[in-house]
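Accompanying notes for the structure given below.
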Amino acid sequence: MMKKIDVKILDPRVGKEFPLPTYATSGSAGLDLRACLNDAVELAPGDTTLVPTGLAIHIADPSLAAMMLPRSGLGHKHGIVLGNLVGLIDSDYQGQLMISVWNRGQDSFTIQPGERIAQMIFVPVVQAEFNLVEDFDATDRGEGGFGHSGRQ
């Protein structure tokens with residue numbers, strides 16, 4: 001059975017002027033989130049800003065979390081990514097979804113009201129329960145770290 005997540009519309013334009021978040025295709029993992037702005041916002045190279053979505057969610061289920069991710073086209077074509085690289089939404093958070101947008105590109109970029117600026121996915125959560133041990137069971141890799149497995 002598919003899980004349902006409560007969404008609270010904070011801005012009356014959402015669902016009318018600005019479409020509700022949607023999956024672009026039947027195979028899409030991420031919901032597109034839109035900039036719920038009154039006016040366009042220009043981001044100079046290197047600038048960051050917080051952009052409201054006009055939405056709040058309450059996941060409520062502690063076995064789930066949401067992640068906000070950049071849209072691949074904005075990042076690749078314009079250098080527009082998330083200021084915190086990935087946004088994590090805990091199951092007990094109930095506030096507005098805000099997108100930290102960073103222009104890592106070389107040119108100014110204008111975010112238009114209603115523009116799709118990020119995507120959100122839901123992921124399972126596993127919380128660690130730590131055990132103090134003297135040693136781990138041996139593996140082929142052992143303590144090999146950065147670059148240990150080679151490039152080819």
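Every residue, even glycine, has its Cβ placed from backbone N, Cα and C.
The substrate binding site annotation in Swiss-Prot covers ARG71, SER72, GLY73, ASN84, LEU88, ILE89, ASP90, MET98. Using a 10 Å radius centred on the Cβ of ASP90 (substrate binding site) and all shown protein chains, the other Cβ atoms total 12.
Annotation source Swiss-Prot lists motif 'Motif 5, important for activity' at 142-152, citing experimental evidence.
Per DSSP, the motif 'Motif 5, important for activity' (142-152) is made up of 0 helix, 0 strand, 11 coil. Once the Cα atoms of ARG71, SER72, GLY73, ASN84, LEU88, ILE89, ASP90, MET98, the listed binders of substrate, are compared pairwise, the greatest separation found is 27 Å. DSSP gives LEU88 (substrate binding site) a strand state.
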